[in-house]
Every structure is written in C-alpha cells, then in structure tokens.
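These features come from Swiss-Prot:
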| type | residues | note |
| --- | --- | --- |
| ACT_SITE | His140 | active site |
| ACT_SITE | His142 | active site |
| BINDING | Lys83, Thr84, Ala85, Ser86, Thr87, Ser88, Arg164, Ser172, Tyr279, Ser285, Thr290, Lys293 | adenosine 3',5'-bisphosphate binding site |
| COILED | 24-51 | coiled coil |
| DISULFID | Cys201-Cys209 | disulfide bond |
| DISULFID | Cys222-Cys228 | disulfide bond |
| CARBOHYD | Asn108 | N-linked glycosylation site |
| CARBOHYD | Asn127 | N-linked glycosylation site |
| TOPO_DOM | 1-11 | topological domain 'Cytoplasmic' |
| TOPO_DOM | 29-356 | topological domain 'Lumenal' |
| TRANSMEM | 12-28 | transmembrane segment |
Amino acid sequence: MGLLRIMMPPKLQLLAVVAFAVAMLFLENQIQKLEESRAKLERAIARHEVREIEQRHTMDGPRQDAAVDEEEDIVIIYNRVPKTASTSFTNIAYDLCAKNRYHVLHINTTKNNPVMSLQDQVRFVKNITTWNEMKPGFYHGHISYLDFAKFGVKKKPIYINVIRDPIERLVSYYYFLRFGDDYRPGLRRRKQGDKKTFDECVAEGGSDCAPEKLWLQIPFFCGHSSECWNVGSRWAMDQAKYNLINEYFLVGVTEELEDFIMLLEAALPRFFRGATDLYRTGKKSHLRKTTEKKLPTKQTIAKLQQSDIWKMENEFYEFALEQFQFIRAHAVREKDGDLYILAQNFFYEKIYPKSN
C-alpha cells in the first residue's frame with residue numbers, strides 16, 4: 001500500500017481516498033436499508049400471526065370457559081429495563097411456555113420507545129385484558145409501567161421486573177451499542193466502529209456516558225407521566241418506589257437473578273415450574289453477554305458517583321434490593337450453601353360452625 005502511494009500522483013491519491021469513502025458510505029447505507037427491511041418483515045410476520053389467531057377465534061367462536069378457570073385468566077407483564085439480563089430471563093419463559101401451557105408475546109414498540117401514545121395505551125390495555133386466546137399470557141418489552149386501573153379494567157395484570165446496579169447497567173449498554181453481544185454477533189450496532197472506552201468517554205465528558213444516561217430504571221417504574229422522564233425528578237423517584245411496592249408482584253436484581261427465578265417458581269408455578277433447574281443447567285442460562293466490555297476504573301466510577309442523578313438511581317436500586325432481600329428472607333432458608341423454598345407456613349383452625 002505504501003509503495004502504491006509513492007507511485008500514485010497526489011490527485012489520484014485524493015481520488016482514491018474519496019472513492020473509498022463514498023464506497024464505505026454506500027455500503028453502510030445499504031446495510032441500514034437491509035436492517036430496516038428485516039425489521040419491516042418481522043413486523044409483517046407478527047401482524048400476520050395475530051390476524052390468523054383472530055380469524056380462528058372468529059370462526060370457532062369466543063371461548064366460553066375463559067372466566068371459569070381463574071388459573072387460566074392470568075397475564076404477566078415484564079416491562080424489561082435494557083441491559084439487566086432481561087434476554088436471559090425472557091428466554092426461560094420461551095423455553096417453558098409449551099411445557100407449562102401459556103403464551104409468550106414480545107411487545108415491539110417503534111424505535112424501542114418506552115412511552116406509548118394515549119391511543120396506543122387504550123389499545124394495549126384492551127388487547128391485554130380481552131385477548132383470551134393468549135391467556136395465560138407472558139408479555140415482555142421495553143415499555144414503562146402503565147397503570148391499568150385508570151382505564152377501568154376489572155382485573156389488572158401481574159407486573160414483574162429486574163433492575164441492576166446503575167453504573168454496571170450503563171457500562172454494559174455503552175459497549176453493547178458498539179460491539180453487540182454473543183446473542184446476535186453479526187448484527188451491526190448503532191455505534192459500531194467507535195473504539196473509545198467507557199473510561200475515555202467519561203474523561204472527555206462524552207454524551208453516551210453522561211450521568212443523564214443513568215436515568216432509566218426510575219422512569220421505567222414511574223410510568224407514563226411527563227414528570228417521570230424529567231431527569232433528576234424527586235417526584236419520579238418517589239412514584240417509582242410507590243409503584244415497586246404497590247403495583248409489582250416481584251422485582252429482582254440482576255446480581256441475584258437465580259433467587260428471583262426461584263421465588264417466581266415457588267409463587268407462580270403455573271408459569272415458572274421448572275425455571276430454576278433450567279436456569280442452572282440450561283444452555284441459555286447466561287445467554288446474552290456484551291462483547292469487548294471493559295470494566296471502568298475506580299476514578300471513572302467515583303466521577304459518576306458525584307452526580308445527583310447517580311445518587312437517585314442508586315437510592316432506587318438499593319430500595320429495590322432491600323425489598324427483594326426482605327421477600328427472599330421470608331420465603332427461603334439456607335442449608336449447606338443451598339437455598340430451599342419454605343413449605344406452607346400457615347393453616348386454618350377453630351372453624352365454626354362445626355359440621356355434623
């Protein structure tokens with residue numbers, strides 16, 4: 001290459017560089033078009049599958065037994081926060097759905113927007129509550145919490161979620177955008193080609209690693225109110241805490257994912273029977289691993305921890321962790337280094353009037 005440069009006149013060298021740059025831009029544009037076409041095809045296939053189910057429902061008539069069996073009339077919503085081991089957990093649900101007889105559906109929003117329009121909120125609530133063919137149903141997607149009660153529904157879905165240490169989540173997401181993961185290694189990522197480390201980004205004050213990027217887990221739990229997405233809002237954090245306690249069945253943490261799965265299996269065996277063994281022994285137990293990820297230095301972590309945004313997100317994480325560990329402490333016992341689910345610990349007595 002060096003010899004060719006010496007032999008080529010300067011004008012030809014310039015033309016060669018320009019031609020190469022144009023070719024690269026053209027190639028990137030074609031790749032982008034292919035990815036957009038693939039996404040459109042996936043959406044078309046999904047719509048076709050939904051139409052087929054609805055047509056079968058129309059031909060066969062509505063299910064008469066939908067309200068009879070309470071165990072079948074269950075919907076779980078996992079409004080998954082990005083980069084919290086959500087793919088690993090979701091794949092357990094997919095692996096168990098045929099065996100445990102329930103449906104799994106991915107909520108695919110345009111450009112992964114976690115906030116739905118008002119009209120889409122109405123459609124979503126109606127779909128979830130009346131689509132009896134998909135019950136029992138496990139819905140998952142990157143959407144913020146939606147309060148079904150304000151839409152007047154009689155039976156609300158069961159919300160679950162998993163959160164992660166805020167800085168670890170941001171670091172994982174930073175490298176994921178650049179290098180992807182081992183789940184779909186060939187897929188081109190939005191920031192592919194950017195070799196800058198997370199440490200370098202923080203040192204330079206880059207936008208992709210700014211403290212504002214930490215603000216995600218709080219708004220996901222806070223919901224669809226505008227204040228939820230106001231970065232650094234104390235009201236948003238208080239609302240997120242309220243929802244976590246009052247509206248979520250169980251919220252686990254990435255760092256203790258196996259215990260989260262164990263508790264779900266004990267409490268909701270209709271969906272999660274066999275989940276713990278599958279997580280421990282299955283080939284998908286740690287399905288998605290971000291590639292090329294480099295741990296940040298202590299200096300980088302210390303700099304992020306000076307931010308009020310980190311302090312709030314970390315307070316919320318610690319709040320969720322404390323609640324999860326409280327629930328676990330009352331549900332399991334440790335023996336020889338292993339955890340065991342407690343058997344039923346209540347019974348009924350002094351039942352009157354006495355039967356003859």
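Here the Cβ of each residue, glycine as well, is placed from N, Cα and C on the backbone.
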What mean pLDDT score does the topological domain 'Lumenal' (29-356) have in the model?
87
Rounded Cα separation (Å) that holds between His140 (active site) and Asn108 (N-linked glycosylation site):
9
What kind of secondary structure is Cys201 (disulfide bond) part of, going by DSSP in three states?
helix
Give me the Cα-Cα distance between Cys209 (disulfide bond) and Tyr279 (adenosine 3',5'-bisphosphate binding site), rounded to a whole Å.
32
Quick one: which of these recorded positions, Lys83, Ala85, Thr87, His142, Arg164, Cys222, have their CA within 10 A of Asn108 (N-linked glycosylation site)?
His142
Quick one: pull the CA-CA distance for Thr87 (adenosine 3',5'-bisphosphate binding site) versus His142 (active site), whole Å only.
11
If you count CB neighbours within 10 Å, which one among the recorded positions Lys83, His142 has the smallest count?
His142
Measuring Cα to Cα, how far is Arg164 (adenosine 3',5'-bisphosphate binding site) from His142 (active site) in Å?
15
What does the structure give for the C-alpha distance between His142 (active site) and Ala85 (adenosine 3',5'-bisphosphate binding site)? Integer Å is fine.
13
Here are the recorded positions: Ala85, Cys201, Cys209, Cys222, Cys228. Which has the lowest count of other Cβ atoms within 10 Å?
Cys201
Hey, of the recorded positions listed (His140, Arg164), which one tops the CB count within 10 A?
Arg164
Cβ-based isolation winner (fewest other Cβ atoms within 10 Å) among the glycosylation sites Asn108, Asn127:
Asn108
